[in-house]
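> Here's a structure for you.
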Amino acid sequence: MNQRKIIHVDMDAFYASIEQRDHPEYRGKPIAVGRPEMRGVVAAASYEARRFGVRSAMPSMKALKLCPHLIFTRNRMDVYKAVSAQIHAIFHRYTDLVEPLSLDEAFLDVTENKPGIPLAVDIARRIKKEIRRELHLTASAGVSYNKFLAKIASDYRKPDGLFTIHPSRAEKFIAALPIEAFWGVGHATAERMRALSITNGAQLRARDKDFLVRHFGKTGAIFYNFARGVDDRPVEPSRMRKSVGCEETYRENVTRAEALEQRLPLLAEELAGRLARSGFRGNTLTLKVKFPDFVQKTRCATVPEILTEKEGILPLARTLMEELDSGDRTFRLLGLSVSHPQEEQRQGIWEQLWLELEY
């Protein structure tokens, strides 16, 4: 059976780069897309801003402390969506097997491509060149035989990078990866893995599937496969994502009071940042909890206004927590997500975002 040829394309500082492209006075300067207000969140940061530690999803006030001369520019989501459509038109010159992950990121299956180009790396090179020439933006691309490795490859030489992970080099490459680089390993999961003496791909590969499933649930089986370079997920052009969410599994169970006062505010802030980055608009909030015995419960509420900021999300999340009949039980997992997208978003699959396996 022939190996698949998968490309992951990730635009470089997409929103911020568009602002620098359209506003010459911003070029070479640290800029952030967002509002410089007490309640503001950075939706995107230029590479100049990132050198000061400014990151997307960061509160604007914190960003200004890190970089006092940071320039804020308003979010122009209509422009970002239009540019995203232009980028996708370039992708479709080569294949219709395009799976959008967000406005600025997509997988392409070029195993059978329209021009009949034999090498995927040549297609990636052409796509990058056409994006630069036609849109005056840069993209990073990763090439490999599955989605997991293609995504890692696109991050490897950012910005404006191109990197290939060949099947013959995959095992050695994965073995040296820090555990944080694995898709699905966020801060909390990385801490739990380090507590189990798993800090890189080689140590992850040394663990059997039962061990990983016991400690990480269903995701443990995914980690087991990733450590072996196995990822059979197809590129799905019709995939429609209808929510934005984040969740965290805790190394030590948290009390109800800790959840209300400490954990939910952090999740609400993270969710607000993801909503800002994605441009997703929805008005249904879902709270997900998992108890130490792995019993899971959810509560949701739909409100008239669109949920975009921590200040709107957190009170509603706390209300849902109060309504949850949990008694004095502790929690091993908490999660928040916004769904029920507006009709205008259902018209374009690249206008939606779901960050999978983040924790």
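In case you wondered, yes, glycine gets a Cβ from its N, Cα and C as well.
Under the heading active site, Swiss-Prot lists E105, citing sequence analysis as support. Residues or ranges marked as Mg(2+) binding site by Swiss-Prot on the basis of sequence analysis: D10, D104. Annotation comment: Swiss-Prot describes 6-186 as domain 'UmuC'. The site 'Substrate discrimination' annotation in Swiss-Prot covers Y15.
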> Specify the count of other C-beta atoms within 10 Å of the C-beta of D10 (Mg(2+) binding site).
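D10 (Mg(2+) binding site) is surrounded by 20 other Cβ atoms within 10 Å.
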> Looking only at the domain 'UmuC' (6-186), what is the model's average confidence as pLDDT?
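PLDDT averaged over the stretch: 94.
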> Calculate the distance in Å between the alpha carbons (Cα) of E105 (active site) and D10 (Mg(2+) binding site), and round it to a whole number.
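So the alpha carbons of E105 (active site) and D10 (Mg(2+) binding site) sit roughly 5 Å from each other.
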> For the residue listed as 'active site', which DSSP three-state class applies?
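In the DSSP reduction, the residue listed as 'active site' maps to strand.
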> Among the recorded positions listed here, Y15, D104, E105, which has the most company in the form of other Cβ atoms within 10 Å of its Cβ?
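Answer returned by the neighbour count: Y15.
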> Provide the three-state secondary structure of D10 (Mg(2+) binding site) computed with DSSP.
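Its secondary structure by DSSP: strand.
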> Between Y15 (site 'Substrate discrimination') and D104 (Mg(2+) binding site), find the distance joining the two CA atoms and give it rounded to the nearest Å.
9
> Using DSSP reduced to three states, classify Y15 (site 'Substrate discrimination') as helix, strand or coil.
helix
